[in-house]
Every structure is written in structure tokens, then in C-alpha cells.
Amino acid sequence: MFGYSMVQMVRANAHKLDWPLRETVLQLYKPFKWTPCFLHKFFETKLQNRKKMSVIIEFEEGCHETGFQMAGEVLQKEKRSKLKSRFNKINCCSAEVTPSALHSLLSECSNIRKVYLNREVKALLDTATEASHAKEVVRNGQTLTGKGVTVAVVDTGIYPHPDLEGRIIGFADMVNQKTEPYDDNGHGTHCAGDVASSGASSSGQYRGPAPEANLIGVKVLNKQGSGTLADIIEGVEWCIQYNEDNPDEPIDIMSMSLGGDALRYDHEQEDPLVRAVEEAWSAGIVVCVAAGNSGPDSQTIASPGVSEKVITVGALDDNNTASSDDDTVASFSSRGPTVYGKEKPDILAPGVNIISLRSPNSYIDKLQKSSRVGSQYFTMSGTSMATPICAGIAALILQQNPDLTPDEVKELLKNGTDKWKDEDPNIYGAGAVNAENSVPGQ
């Protein structure tokens, strides 16, 4: 197999190709491992020009403009290959390439630092308000509701549910490029309700911790609840750009109930998705990310939850009671340490049998009819549900003090938790989120 030129290229450029991309290219050649040498050229020519891969290209620091231009010129000469989206914040772009085009890029573009396979990312789906002590948080005689705070739900979209009436103030669609809010999967709508449902359709019974917060739907996952690294990065960069364009009414919080397997790079910042969320954090956006649903094994924290900066949220099973006495960590909730040996998750929030908003006729709504609660609500479990609940409590903190930095919000959330004495922080994090204890003041 080593006689094939592309296999030799992979070996020579292993430091510039991430592991999934190396494996993808090599897998193309496995069926031809025992092919006679005189047929190698024939089969390789077919492979090089017919197979197509979606990739993310990272350029050397300070070379984004030049690198993007050079890559575009190379791909113009290649069949079935093209540049797609630019990610200026993280010095990358996405592209579709054949093996032949990949070879040309690595040979002719000296500004390329690394090329990543554009891997799949999925929605992390496997009483909540009361259990997190967010039913009524009063400061200075005012009940905090998240009013004036904007949360971007980076997910499958948001259905304009009656419990969100008048508060979906923006929508961006990286999947189908639609302009009006919708959710063909249902996961994003449930998460939006976990943040900010008013409970209007249930006389307040099923309301989120921030029932007056504004929402922006950023659709990065498709009808089946999956997307790609490029889709997610594009959504995150859209949020950063939104704030640059709207400095007086910015996105304060991003809730991301999604993730993919965390690969072991030299350090977590080599992960393009980690770099994207850390750019958002540095731009002043509080980022809440799901830990993942691959527990109870250790080292199962998903990406981008492996980022040291962001708030990584695990799932608590509150056993459908407001008391914390019977709370346990959900068996499915991913555990640390991360693949980089860092402690995670940061915090736990309710994530089992959470009742929130239903998106009628969506993919999940049709698939799990037994999970419907009346005509307006739906039950789901997962760190996907815990994450927006934590984001909703962060909204209360920012309503009380809008000038706090993301680091300060994270510290308040961790310091305000209900703690388990002498428990492993790689399972329990800092403890269970507690709105009453986390919001400063009396």
C-alpha cells in the first residue's frame, strides 16, 4: 500500500493532517492493498479525482488573507474542489477537496499550518427550575427574570412557541439559509425553553430560569440533529460578528448543547471548535457547553467542552424533586478528566426528564410521540438540557450586574453551587448550580 503516492503524501505530511483526515485518506486505499503494482496508477487516478472530502484548512498566524488566496488559486485548477466558508476569527476556512486537490494544497501552499477533517457534531440528547433554585431570585426588591439579557441558542433552531412570544429577536440559519425562526428537529426549541420559557401555556408550571430573556436562534444542526465542525464554527463566528455590529444590544450568552468526540491534539487550542468558542469567550460572551452524554466512563468530555475557558455543564438527576437531598449525577453525564488531563465538568444542572417546549411536527416530535406533555411541551434528558438551564441562571447574574466578564460569571456560578463533600471534581465539577447562591447581593 505504501507504493501509492497519496499514501506517501500522508506519511510525509502527517504533522499537517489531523488524525481523522489521515485515516480517511488511508481508508480509501485499503481495498487496493494487494493490487499488483502495475495497476496502482490506474486505480489511484480514479481515487484521486472521484472521492471528495470536506475539510477545514488552518493557515499560519498572520497569513489568512494570503493563504486563502493561494488555496483558492490551487483549487480552481482542481476538479470537484472548492473553497467554502472563511473563519477569520480562528484563521481558517472550509473547503471540499479531492485527494488530488489535498495533495496540491500541501505541495503548493506554504501558508497552510494544518488541515482537519470536517467531522460530524451532534446534539447531545440522551421541576428543573425549582431544583436549580431559580423559581424566584429577588435582589433589591426586584425579581430577576433575565430581562435585558440576550442568549444565543446555537442548535437546531427555535420554533416560535407561545411561551417565547416577542422574545426571539434574531435568527441565523447556517444549514438551510432561511430567515424566519423554525426548528425542524425540536432539540433547539426544547433548549430555548430550558433557558427562557415563560410557562404561559402551563400557568407558569414549565418555565425556564430566565423567562424574560431575549433569544437568538443560530441553526447549525440539521433536521436529524447533526452538523459539521464548519457549520458550528460559522455559527459561533456569526455570534461574534453580531456583537461587533450591535455593540449596544449584544449577545451576552451562548448556549451550546452539542459536541463531538474530543481528539487528543498537543493542546486543546489545536481543536478548531475549541478555538472558536474561546474567541467568543474572549469577545465577552459567556459560553455554556454540554459536557456530553458518554458517561459514566472517565475522559468522555466532548469537544468543545474540553476548553478550559468555557463553562462545561454536566447533568444532574434531581429525581423530579425540588430538594437536593436525593440528587445524583446522571449516569449518562460525561466525566473528566478531559483527554488533556484537565478537570471537567465545571458544574452540574438538572438534565433528566426535563419538560420544556415542543416543536410540533419536528423530527423528534414525530419520532418520540410518547414524550409529548399535552400539546405544548415535551420531555427530554441529556446534558443538552442541563446546559441551557445553566445559561438561564447566568442570565440572572448578568441582569443583576451587566458589566461582569465571562470569567467572573463562571466564578460566581461555581462558588454558588450546592456542593458534595469530598466528591470527585471530574464527576461533580464544583457541584450543582444554585441560582439563589450565585447571584450577588441580597
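Backbone N, Cα and C atoms are what each Cβ position is placed from, and that goes for glycine too.
Since the structure is predicted, the reported quantities are computational estimates derived from the model, not experimental observations.
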Would you mind telling me which of 43-62, 343-362, 363-382, 423-442 Swiss-Prot tags as region 'Disordered'?
-> 423-442
Take the C-alpha atoms of His187 (active site, charge relay system) and Ser384 (active site, charge relay system) and report the distance between them in angstrom, rounded.
-> 8
Whole-number Å distance separating the Cα atoms of Asp155 (active site, charge relay system) and Ser384 (active site, charge relay system) is 10
In the same chain, residues at least 6 away from the ends of the region 'Disordered' (423-442) whose Cβ sits under 8 Å of its Cβ atoms read 132-134, 137, 139-140, 144, 209, 298, 312, 314, 316, 324, 327, 329, 335-337, 343-349, 389-390, 393, 396-397, 400-401, 412-417
Over the span of the region 'Disordered' (423-442), count residues by DSSP class, listing helix, strand and coil in order.
-> 8 helix, 1 strand, 11 coil
